[in-house]
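Quick notes on the structure that follows.
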Ligand code: GLN
């Protein structure tokens, strides 16, 4: 089993580190040619969603990744990755991959609380550390989306079929249960 980590911008190295701690092999997806390599699941890391969306389009990776996700490939998306998946971005007409029927609010915690750390219950896993960095939250989710975690009544983790998306950054904490649950579900 091999995981493809989108490596055009952002915190991809941290995800690779967690995968290697779990003994899972991964490849970096940096250009369209990398998408021909064998991988069974995708990680979309945090970073800057506008930049990532542009790089995906400019490098001709966009359509392939979108159809892989639509075709059922398991995907773990964190922070900017969640924004890339969202069907709607509040107050913005931009849609990136648009495979996840939610509305996200970018930079949702304002300037004061731009970054913070907490712990909260994640359905199916238990209490986990959550590091938020200029994070989005899910402002609205379609009924078929499974809400996995909320912090202060805001949705911060969802699952929709093969798509698992988080507002926070599990790759920055040393608790690997979220990545483990993700890889354990890959056939
Ligand atoms: N604020 C970033 C964005 O809108 C996301 C931040 C992150 O990934 N840590 O893309």
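Backbone N, Cα and C atoms are what each Cβ position is placed from, and that goes for glycine too.
In TrEMBL, annotation is done automatically, which means it is predicted and not curated.
Positions annotated as L-glutamine binding site by TrEMBL: 47, 48, 49, 106, 133, 134. Sequence-distant neighbours of residue 49 (L-glutamine binding site) (same chain, 6+ residues apart, CB-CB distance under 8 A): 80, 81, 83, 84, 96, 106.
Feature annotation from TrEMBL assigns active site, nucleophile to 79. Residues within less than 8 Å, Cβ to Cβ, of residue 79 (active site, nucleophile) and separated from it by at least 6 positions along the same chain comprise 45, 46, 47, 133, 135, 136, 166, 167, 168, 169.
According to DSSP, residue 169 (active site, charge relay system) is assigned to coil rather than to any helix or strand. The annotation active site, charge relay system is assigned in TrEMBL to 169 (among others).
Around the Cβ of residue 171 (active site, charge relay system), a 10 Å sphere holds 26 further Cβ atoms from the protein chains shown. Per TrEMBL, active site, charge relay system is recorded for 171 (among others).
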Neighbourhood of residue 48 (L-glutamine binding site) by C-beta distance under 8 A, where only residues 6 or more apart in the same chain count: 9, 10, 80
Per DSSP, three-state class assigned to residue 49 (L-glutamine binding site): helix
Spatial neighbours of residue 134 (L-glutamine binding site) that are distant in sequence (at least 6 apart) but have CB under 8 A: 107, 109, 114, 115
Other C-beta atoms that fall within 10 angstroms of the C-beta of residue 133 (L-glutamine binding site): 19
